[in-house]
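According to Swiss-Prot:
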ACT_SITE  His186  active site, proton donor/acceptor
ACT_SITE  Ser316  active site
BINDING   97-99, 127-130, 137-139, Thr185, Ser317, 322-324  substrate binding site
SITE      Glu329  site 'Important for catalytic activity'
Amino acid sequence: MSVRIEHDTFGEIEVPADKYWGAQTERSKRNFPVGKERMPIEVVYGFAQLKRAAALANFDLGKLSEAKKDAIVYACDQILSGELDEHFPLVVWQTGSGTQSNMNVNEVVSYVANMYLKDHQIDESIHPNDDVNKSQSSNDTFPTAMHVALYQEVETKLEPALKLLRNTLKEKEDKFDSIIKIGRTHLQDATPIKLGQEISGWRYMLDRCEIMLSESKKHILNLAIGGTAVGTGINAHPEFGDKVAHYISENTGYPFVSSENKFHALTAHDEVVQLHGTLKALAGDLMKIANDVRWLASGPRAGLAEISIPENEPGSSIMPGKVNPTQCEMLTMVAVQVMGNDTVVGFASSQGNFELNVYKPVIMHNTLQSIYLLADGMETFNNNCAVGIEPIEENIDNYLNQSLMLVTALNPHIGYEKAAQIAKKAHKEGLTLKESAIQTGYVTEEQFEAWIKPEDMVDPH
């Protein structure tokens with residue numbers, strides 16, 4: 001392997017000649033061969049947005065020449081294009097401030113920017129610390145890149161997937177509004193409900209999650225940049241943070257602002273905890289929806305079988321013809337993982353000692369993973385399951401007509417105790433509810449027909 005020699009304050013080190021990173025990235029690669037979880041590329045793109053904006057801000061403030069500004073902006077745009085992904089090899093499990101990833105970006109930007117200057121025959125050079133990282137510290141850049149990445153992924157990936165599934169459930173809710181089925185509480189028969197009403201509960205869960213997500217993501221718009229090492233802003237111009245936030249907003253289209261309290265921004269990540277709490281709430285709702293779907297689709301002959309779901313693949317390697325609710329199982333596993341991630345994010349956020357929280361990479365990793373899993377999970381569940389849900393009306397009608405809980409409609413006419421006697425007699429003697437009611441003498445056949453109407457029970461008002 002061909003190498004070149006790079007150096008840092010620790011001395012010289014060999015770096016692969018075809019890679020754009022420098023000495024500090026190479027040391028991190030060697031010092032932290034831990035796990036396979038690479039720093040998400042979205043974080044790198046968040047850094048690129050930041051470094052680009054910082055160059056523009058430093059130029060405005062007279063801290064950087066126009067040539068250096070142009071070179072850094074060019075390098076950052078190259079990163080944002082996705083052309084340089086291979087030059088960001090570091091894992092999540094590194095220093096808790098994310099310093100190595102910050103330097104990885106600084107070194108790659110410096111390398112590409114210097115090529116730009118050379119190509120344009122400009123007699124200047126870019127230093128990763130003195131120029132790319134000017135007016136910055138890893139302590140304020142990593143949380144800034146984290147917020148930029150999280151906000152963008154919620155906007156571009158999670159919210160569209162949430163809307164997609166919500167809209168499908170709304171279509172099913174409207175389509176099945178005339179189908180009356182038995183309701184169930186405590187896993188036992190209850191009073192009737194429309195299939196559309198049942199699905200409306202699922203849909204409304206997603207409506208509420210969409211609102212909660214919209215509210216919680218607003219706090220992610222606050223950026224730590226300008227706080228530098230401990231929140232005081234040492235080595236940065238007083239206007240630097242606001243200018244960087246402005247340029248990030250200009251390039252992304254999102255209204256980022258510089259946090260009004262940088263001490264908080266460096267040592268606490270409660271804004272991410274709140275965001276992930278919403279992800280956990282969404283995971284809980286998806287768990288409930290997926291469980292309901294697979295129970296209602298259980299069978300085909302010895303289960304509830306009130307709905308059918310698409311048959312996407314063989315379900316068993318030993319039982320021919322078996323088809324399993326695999327999309328539901330996928331979504332419930334996603335939900336469990338997100339709930340686990342929430343525990344990590346909450347605990348990691350609590351570990352801000354004095355002026356800095358040093359669990360930033362794991363907070364970032366787990367939150368992004370939750371966003372990816374929920375977004376991909378909802379889209380896949382929607383396309384391969386939800387869109388194909390159909391009622392099995394014969395079974396639905398059979399369960400409804402056999403239910404003893406229709407007796408609830410008699411309460412206002414004969415009282416709770418007599419209605420309970422009718423239900424118990426029917427269950428004990430294997431009678432229909434109508435047969436039991438007439439045999440007790442509490443109601444006539446005409447009264448039973450007038451009072452026991454499932455269509456009235458689902459819309460009592």
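Glycine residues also receive a Cβ, built from the backbone N, Cα and C atoms like all the rest.
Taking every protein chain shown into account, Ser138, Ser316 are the recorded positions, and of these the Cβ with the most other Cβ atoms within 10 Å belongs to Ser138.
With a 10 A radius on its CB, Thr99 (substrate binding site) counts 19 other CB atoms from all the protein chains.
Thr185 (substrate binding site) falls within a strand when secondary structure is assigned with DSSP. Glu329 (site 'Important for catalytic activity') is 39 Å away from Thr99 (substrate binding site) when you measure Cα to Cα.
Among the recorded positions Pro128, His186, Lys322, Asn324, Glu329, the ones whose Cα sits within 10 Å of the Cα of the residue listed as 'active site' are Lys322, Asn324.
Spacing of Ser138 (substrate binding site) relative to Glu329 (site 'Important for catalytic activity') is 41 Å (Cα to Cα, whole number). Within 10 Å of the C-beta of Pro128 (substrate binding site) there are 24 other C-beta atoms, taking all protein chains into account.
In the three-state DSSP classification, Ser97 (substrate binding site) falls within coil. Here the CA atom of Glu329 (site 'Important for catalytic activity') lies 52 Å from the CA atom of Asp130 (substrate binding site). Under 8 Å, Cβ to Cβ, and six or more positions away along its own chain, Lys322 (substrate binding site) finds Pro314, Gly315, Ser316. Across the fold, the C-alpha of Pro128 (substrate binding site) and the C-alpha of His186 (active site, proton donor/acceptor) stand 62 Å from each other. Under the DSSP three-state reduction, Asp130 (substrate binding site) is assigned to helix. Cα to Cα, Asn324 (substrate binding site) and His186 (active site, proton donor/acceptor) are separated by 24 Å.
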